[in-house]
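The block underneath contains the structure these notes are about, expressed in structure tokens.
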Amino acid sequence: MIYILSLLLCLFLAWNYDIIGRKRNKLRWYRILLCWFILVSAFQYMVGSDMELYVEKYESFPTELSVNTIKTLMDNRQQPGWVLISWICRIITGNFFLMQLIHAVVLNVAVFTFFRRESKYIFLCVLFYAISAYLVLNFNAIRQSYSIAFGLYAFSALRREQWKKYFLFVFAAFMFHNTAILLLVFPLFRFLRFSGKTLLYFIAVVVLFIVILFRIDFETLMISVIETGVLGDSLSDVATSYIADEDLGVEGRYAQLSFHLILVILVVFYYIIKKKNLLYGGAAVSYMIMVILTGLMPILWRFRLFFDFEYFVILAQVVIESPPNRYKKYKKWIYLAAILVFFYFPFRDYMRPYVGSKFRYIDQYYPYHSIFYPVKEQRSL
């Protein structure tokens, strides 16, 4: 129920402020919604399939750090930033709530600040965040969510050509998760200038990429990369375990031409042609490529998360600004229909049962329990 109420509140605010265009109390509602998102995240109890493991590791975290202890933690895939914040919190209290609170504030302030800075349609962007990424970032991928939060600050700094801030935030992101390496692709798009030739290159690269994916054996390719040793022992072990996993490993089917992907392609290239912004356009193309790759190997959704928020900004802009003026009479209903269409895809994924399991994806997060009424559910998939 708490998730439905959150979505309805986001939809109400998006309708009133982004679609209808009202201004009164907009900033107040922005702050209220931010506080609500923080509270739901901070006061949860054992929501998410990984939360129990986070709590166990935190409770056993050493309060005295030595060189050998730090090395052991690093070998266990814990980045320096995560080790530092865990150590500070563990000295203060053995209760994991402090970690939850800091995480909820850092992540959601970063997300809301990013939307306010980068989009006119703040609440519609928040709505897309709520349905697509809120649950996984607030209740599961906690270490990576710190990395994504710093990545959002990095992207905004890059857009303003604040290079020192950009690299500082990228460094901070990398201190929490290795996948932050993807943030280094953004400067490549910063130097592109829009032209008919550039657009043709974009289209050609995407088409070539899809054709190559159709022709290669993706699982064999991944195994070959692992065997080269270029990923290192730790990452190689992780990659091997993911490939072997029935739900996270390589799929036998292809999803390149799914209805969802077709809509993503239309949104991305409409934006690039209409707005001629290749920094955002490049981020959106990266999102599109990650959607394709996730259809081949589901675990790669973790990499897609670094491009989700730029795509939400683009999607909100396309939804609001694309309907032609001759349909002005029906615009509000067109907006609502478009929002519901893009709602369908994450909702479908939440309802999808895992192979060989009675659990659906949403069962990791439902029912919601708070620290005030702690109930431990079976969240395993």
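Cβ from N, Cα, C; glycine included.
Feature annotation from TrEMBL assigns transmembrane segment to 29-47 (among others).
The annotation transmembrane segment is assigned in TrEMBL to 84-114 (among others).
Summarising the annotation, TrEMBL assigns transmembrane segment to 121-142 (among others). Non-local neighbours of the transmembrane segment (121-142) in the same chain are 3, 6-7, 10-11, 13-14, 17-19, 29-30, 33, 37, 40-41, 44, 47-51, 54, 103-104, 107-108, 111-112, 115, 148, 302, 305, 308-309, 312-313, 315-317, 319-320, 339, 342-343, 346-347, 364-365; each lies 6+ residues outside the stretch with a CB under 8 Å from one of its CB atoms.
Feature annotation from TrEMBL assigns transmembrane segment to 166-186 (among others). Cβ atoms under 8 Å from those of the transmembrane segment (166-186) belong to residues 79-82, 143-144, 146-151, 153-155, 157-158, 235, 279, 282-283, 286, 302-303, 306-307 of the same chain, restricted to positions at least 6 beyond its ends.
Annotation source TrEMBL lists transmembrane segment at 198-216 (among others).
Feature annotation from TrEMBL assigns transmembrane segment to 254-273 (among others).
According to TrEMBL, the feature transmembrane segment maps to 278-301 (among others).
Summarising the annotation, TrEMBL assigns transmembrane segment to 333-351 (among others). Counting only same-chain residues 6+ beyond the ends of the transmembrane segment (333-351), those with a CB under 8 A from a CB of the stretch are 11, 14-15, 19, 124, 127-128, 131-132, 260, 263, 315, 319-320, 323, 327, 360-362.
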Key: Residue numbers, six or more beyond the limits of the transmembrane segment (84-114), whose CB comes under 8 Å of its CB atoms   = 30, 33-34, 37-39, 41-44, 54-55, 57-59, 61-63, 65, 78, 122, 126, 129, 137-138, 142, 145-146, 148-150, 152-153, 155-156, 309, 371
